[in-house]
Every structure is written in C-alpha cells, then in structure tokens.
Number of protein chains: 2
Amino acid sequence: MAGVKEECEKAGKQCGACGERETCPAGETFAPAHKLSQVRHLVAVMSGKGGVGKSSVSALLATTLSRQGCRVGILDADITGPSIPKLFGIKERVEGSEFGVYIPKSPKLGIYVMSANLFLEREDDPVIWRGPIISNVIRQFWTDVAWGKLDYLIVDLPPGTGDAPLTVMQSLPLDGVIIVSSPQDLAVMVVRKAIRMVAEMKVPILGLVENMTYVTCGKCGQKIFAFGEPQGEKVAAETGVPLLSTLPIDPELSRLGDEGRIEDYTPTGLEELASTLEDRFKSSSKTARLLFQQ
Amino acid sequence: MAGVKEECEKAGKQCGACGERETCPAGETFAPAHKLSQVRHLVAVMSGKGGVGKSSVSALLATTLSRQGCRVGILDADITGPSIPKLFGIKERVEGSEFGVYIPKSPKLGIYVMSANLFLEREDDPVIWRGPIISNVIRQFWTDVAWGKLDYLIVDLPPGTGDAPLTVMQSLPLDGVIIVSSPQDLAVMVVRKAIRMVAEMKVPILGLVENMTYVTCGKCGQKIFAFGEPQGEKVAAETGVPLLSTLPIDPELSRLGDEGRIEDYTPTGLEELASTLEDRFKSSSKTARLLFQQ
C-alpha cells in the first residue's frame, strides 16, 4: 500500500505538510507543519478497540527510540482520553503565546509531549468537545506547535474509526501507522476494521503489535492467557499486515505507568520494532524526508 | 444528583421522551421514543477509558436481569466499535422497513439487541462516520426502533466523553448511568472525568463497577493483580459514587464472549447489582415510569 508521500517522491517531489494544496498531485490537504518543525518520520499508533494498551505502546516505542539515540516527540491525539502526560509524570500546565506553544519534555529521556491534558486546570477535568473542535485541536498540535528537529513524532491516536483518527489521517502527512491489538476476538475483529480504514485512507500500515498476550504468575511462573490465546500471527497471515511484536501484560508496567515513571520500564520486544522502523524507512526512501516548511 | 426525570416527577409530571420540548420545565430536548416502545428503566453503561470491559458488563447486566425475570434490551451506542452482537453470537442482518426495524433477539434469553454492526454487510467493515451521523444513528435507535415492552433497556455507550455519550445524555431520558472502571490509575483518572461529565449533564449516577481487578492462576490459585491494586473503594470514597460491584478477569468469559456465548456465562457479583437497581428505582419513584408515548 503506497502512501501519498511515496507517490510524491516517485513524482520527484518531496511531500509532507507542503501546504500547497492546489498543486498537490494526489489532491491531499495536509495541514502545514509549524515553520520551526522538522520531523523526519511521523508515525501513528492506532487501535480499533480501546484499552489494548495503545498509549503504553506509543510511550514505550518513544522511550525505545529515544534510548537508541533518536530525538522523539509524542503528539497525544486522544483528546478526550489523554493518557500520555500521566504515563510520563508530566504535570506542568502549557499555555500558548504569540510565539507558539512551549512543549514540555519527559523528565529522564527528554521526549517532547503535547496533549490536551496539559491545557486543563485539573487532570481529571472532562474534555467535553464535539468532533469538529477535537479535529481542530489535533490539527493545531501539528500546525501551531514548534516541534523543532525530531527523528520521530509518534501520534497516539484515539481508539476507533471515528472523527479523530480520520482527521489525523487526512490532515497529517503520516509515514505510516502501527496497529495495536489484544488477543480477544472482539479486539481482533475491530482491528480488521482499523486495517481496512487505514488502507482506504491510503496510509501505509507498518505492522501490528499484539499486546496483553499473557500474564506470568508471580508465585509459580505459569503463563496465564487472560484474554485468550494469542492471535497476532493468524491476523498477520489473514491480512498481510506484518506482526511486529508480541507483548505480555506486566503488573510492573501498570505500576510504573500509574506512578508516571514509564521511562524506568525497559520493555522487551520493542528494540527490534524500533530497528525495523529505521530499516523500513531507509529502504523506502533514499533521501531524508524533511517536513520542514520551505 | 437529581435527574431531569426526577424534577419532572416532583412537579407532578411524568417525564421521559414526551416529545413536548416546548413545554418541558427543565428545557430538555429528549428524542421521542417509538410509539411501540414502553421502557420502564433506561440505564446507560459508560466508561471513561476503553477496554475496561464496559460491553461485557452491559451484556452480563442484561443476562443477569433477564435471568431474574425482567424483559431486557440492549441499545449498542458504541457505533464505531460495536461489540454487543458478537458477544451474543447474533449475526443476522437487520433491515428497516416502512413499519420500523425488526430487532434481533439473543439465542438463549431472548434479549433484544440493536447495533450498527447488524446493518453491515461484513462484521469487520469499518464504520467511518463523522460525529453528527453517529449521533443521528443513536437517536434513531431510540426513536425509530419499536422496542416493545421492556423492563430494562441497557445503553452500551462508547468510551470517552466525546460526541456519542454527549448525544445519548442529551437525547435519551436516562434513568441513570453505571460507570465501569479498571484498577489502573489511568482508568481511574478518566473515570473521574466521566463522573464529572455525567454530573454536569444532570444524569443520575447509579454507581461504579470495578472490572478486571485480578486474574486467578489456573495452576496454583494465586490472585494476580495484573493491572495494579483495586481502587474502587478509594474512588467511591473520594467521589461519593457507590461501588456496586467488583469483577475479576476471567479467561472463561473471554472465551465465551469470543464464541458468541456470553449467555452461557454466570457472573458472580452482578446479581446483587441487578437487585440494587430494582430497589433503587422502586425507592426513587412510586409510580412505574412508563416511557410509552401518549
């Protein structure tokens, strides 16, 4: 599935937030990036169903890439259920100024984070916004935030196939989407929906991460398949979307996430995913795909 | 927190889908029910965060009430991530006619189910609809579906505080909302948001169900707190919302749900909840609150 950006490159043009809507050969209407943003790879993390650990996977992908030496940011597009700041223990409030918006960094690895929760007076204030406002906020997180020079900007999408994922795919020049699932049939059914939606939007699917596959008994070491037998390989075979990684349920991850210390967690199974991303992007494009607005 | 319906009753009027928008003392704009609907109690099941088992709780509440002799229906308002038909193994396609929409029943207990998934050609077709369309569909599930005579209509809300839960609370004359959470701090934070949202909408909160509190090791019987220590009692004490029930993770429930046989599962901890509902409604209203449109 070739993306619009790849089509642009084939046509000898560099695509991505060019803002030249009238002249875009693919008829795309990507929102222009902030003039101080220079993002090499824009990768979205999506799940059809909520609660499969999408935000944890976004956060752990960011920490893994960061540990490998990349400059990383996270755009929290889950506007009504934002969880990224909490995972990183970021509590400072953000305010806009005439020069743009200041971006908080995670305490240890310095990962840049932008989230609707950072604008709230209290973290448990509800965000009761209708779809169009939510869509605007997500666009603004791209157009009005000076992300600076980043190797990766990870977009944590809200679950489902509603307004917010649609907006992100229509507005942001994504390099690809990673889809997170859990072993439940239900989740797998909804993942198929998500795969079809992404394909319809002509955004490349990078692969599937199956999360919450088992939990290990702390007493006897037994693996408990709490949500049923893993199905990642089956889904990969059925849909042609590669299975990038399989992750367990880990109470330690829950604990560190709850304490805002996800940076202290070292996941297994994501280093390879991070390397795969680098390889994949290297092979699909010989030039760095700068999104820097000329 | 008194609801609009209670205010109506205090004023000597029977409220609920009366359709008399102009004369409503509370200024409510509930959508009128289908003229063949006669629903005693309209209860929504909500979660701030996805994946906490909200749909399973909706389904199990329905089966429990049904086993206690109530006539029950489920309105699946999770339009972009519908899972109710799958849990009950309902695969028939629904089509509208000039007389209204035929409602499928669950195979064992005869629970009526209406869901967006029943209109799709394939259950994994994605529903890529914008908010206003989604809101309309939910309203239509109330106004255009002849639910008949029901003791309980359970509304399975989509997660979050976005368009769909807003629409349901503004459009349907809910008797109350049950909020489902999991032990993760994150889920608890989002639950506080949901509680505040429901309170702002002046819909009565019936209580909290804490789901996925632990999983039991099949080998040694150890309880594993996969998502952290239970927090239901703490949240109940903090928010004043009563903790109605605490449920474990049960691989057997996952399996039966995946097989479309959730009716074969006998939950523990929900019988009491079902009785609590009956008592609560009895004490809050001496007359049956018929939503039958005059």
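Positions of Cβ are set from backbone N, Cα and C atoms, glycine also.
What TrEMBL records for A:Gly48, A:Lys49, A:Gly50, A:Gly51, A:Val52, A:Gly53, A:Lys54, A:Ser55 is ATP binding site.
The structure, with features from TrEMBL marked on it.
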| residue | record | Cβ contacts under 8 Å, 6 or more apart |
| --- | --- | --- |
| A:Gly50 | ATP binding site | A:Gly81, A:Pro159, A:Gly160 |
| A:Gly51 | ATP binding site | A:Pro159, A:Ser182 |
| A:Gly53 | ATP binding site | A:Val180, A:Ser182, A:Asn211, A:Met212, A:Leu247 |
| A:Lys54 | ATP binding site | A:Val45, A:Met46, A:Ser47, A:Asp156, A:Leu157, A:Pro159, A:Val180 |
| A:Ser55 | ATP binding site | A:Asp76, A:Asp78, A:Ser83, A:Ile84, A:Leu87, A:Asp156 |
>> Quick check: in three-state DSSP terms, what is A:Gly51 (ATP binding site)?
In response: coil
>> So if I draw a 10 Å sphere around the Cβ of A:Val52 (ATP binding site), how many other Cβ atoms end up inside it?
In response: 27
>> So if I draw a 10 Å sphere around the Cβ of A:Gly48 (ATP binding site), how many other Cβ atoms end up inside it?
In response: 30
>> I'd like the Cβ neighbour count for A:Lys49 (ATP binding site), meaning other Cβ atoms within 10 Å of its Cβ, all protein chains included.
In response: 27
